[in-house]
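As written in TrEMBL, here are the features:
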- 71-119: region 'Disordered' (REGION)
- 89-98: compositional bias 'Basic residues' (COMPBIAS)
- 133-209: domain 'Large ribosomal subunit protein uL15/eL18' (DOMAIN)
- 234-277: region 'Disordered' (REGION)
Amino acid sequence: MLRRRLSSILSNSILSLRANTNPNLILQPLRFTQCLDSTTSILTVQKVPTVFESIRWYSLLSLNDLRDKVPRKQKTRKGRGIGSGKGKTAGRGHKGQRARGSGKLGFEGGQTPLRRRLPKRGFHNPFSLTFQPVGLGKIAKLINAGKIDSSELISMKTLKDTGAIGKQIKDGVRLMGRGAEQIKWPIHLEVSRVTVRAKEAVEAAGGSVRRVYYNKLGFRALLKPEWFEKKGRLLPKAARPPPKQMDKVDSIGRLPAPTKPIPFSVDKKEAASSSSA
């Protein structure tokens with residue numbers, strides 16, 4: 001880098017000197033003249049233009065050339081012969097646990113480890129579910145703004161695409177009764193859970209709410225069907241709910257995202273026909 005910088009400076013200065021100065025004045029030596037006086041003798045130097053006068057001196061130190069002051073001590077190379085001082089056993093000694101490798105994580109030499117000495121606090125339910133809440137008032141505002149079509153089925157994909165809920169849907173959506181007085185026209189929804197107040201408000205306006213079940217893969221197929229198309233895979237089939245959630249849902253979620261509601265009378269007829277058979 002330094003060599004390239006010096007060469008570019010010299011070449012540019014010589015070219016500019018050839019264009020702007022007399023070639024007879026280049027590389028002429030300095031002229032020394034001596035003026036003798038009655039008392040003293042003074043040696044003066046007469047200035048003669050040279051090539052170095054046209055060179056603009058740049059600082060050879062720049063910010064991109066700065067380097068940290070790293071230590072000069074080299075890294076210890078182990079296992080490179082007895083003469084190196086760290087050969088043979090490479091500083092591990094003879095036999096023992098540390099000579100053969102590292103011990104188990106959390107092992108404290110046989111005494112009770114810290115994870116067993118500390119007391120247990122709290123309880124974590126492995127079967128707990130996390131639902132994202134959404135109020136009827138927010139849905140009514142989106143319908144009035146024209147972002148949601150009230151004549152079509154309002155699914156969880158519709159709520160996500162319109163910004164009624166966040167991007168992260170872990171186990172589903174819970175329909176809340178906040179702003180229930182704003183619902184004055186029939187709407188049809190499919191959510192994971194619904195409160196009693198919200199269900200009564202929707203049914204009083206002539207609409208319906210269906211509780212549907214989707215597993216993790218089903219939610220991905222419902223919310224991001226383009227992911228399966230990008231991977232060259234088919235949409236999965238809808239999964240049945242586990243026994244503990246069987247009585248908390250009305251039906252299995254449909255794939256891909258549905259646009260028309262299913263009347264509850266169809267389910268009652270199917271249930272009656274299956275029971276009679």
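Using the three backbone atoms N, Cα and C, a Cβ is placed for every residue, glycine included.
Proximity of distant same-chain residues to the compositional bias 'Basic residues' (89-98), defined by a Cβ-Cβ separation under 8 Å and at least 6 residues beyond the stretch ends, is recorded for 78-79. Summed and averaged per residue, pLDDT over the domain 'Large ribosomal subunit protein uL15/eL18' (133-209) gives 93.
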